[in-house]
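These notes concern the structure reproduced below.
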């Protein structure tokens, strides 16, 4: 008898495999020498407070929580008869993707921003992610488990439920969201990156947020920048060539009205 893996299981484990494969690709590229495309010189990684092995362990812990919650969700919502939901038309799937992206961005913007506003949550929860002052690909999900539960797991569940997508569509959506999140933290500005064509929320945009001067700006993740622009937390920047190689995302000075609104 053939062994069949359900869409629910694939939707749980495929994005995790994508996370390590895609971030692993950046590790390989880094080994080949990417100094001309870095947003920070390699020596600046010493500013990061935690080691890369600590980051790996932390990400694995968060992913274990995600697996547990996902399996619980699919168990509660699953069809006891094992009937696989029929895939809708390509147009409906595209609409579900857009809705899911909007829901995820909305949830993550407000939760992310609140974790910066609330001093207790920032100190004891969100600051863990900001120990990576110089982001890199496989550190994208280095978070406190509570933050991973609130931002990523609950945000993902809401995106899935509100959009009405099937578990099969979820495999592709969450894999895409994973690729986007890893790319935003890769610390590189690579020519020809197709994600930069479609999204202004990118590695340079998010790098601004990881710096001290951008701590109260650029909360949007992982797709669009609309909530930052609507609510006055958008920090524009210029991407300039660094002397000695690589690029630097430099913030454009904000006027006093924008500064006050963000604070």
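Glycine is treated like the rest: Cβ placed from N, Cα and C.
According to TrEMBL, the feature domain 'Fatty acid hydroxylase' maps to 97-233. What TrEMBL records for 12-33, 54-77, 89-110 is transmembrane segment.
Counting residue by residue with DSSP, the domain 'Fatty acid hydroxylase' (97-233) contains 95 helix, 1 strand, 41 coil.
In the predicted model, the domain 'Fatty acid hydroxylase' (97-233) has a mean pLDDT of 94.
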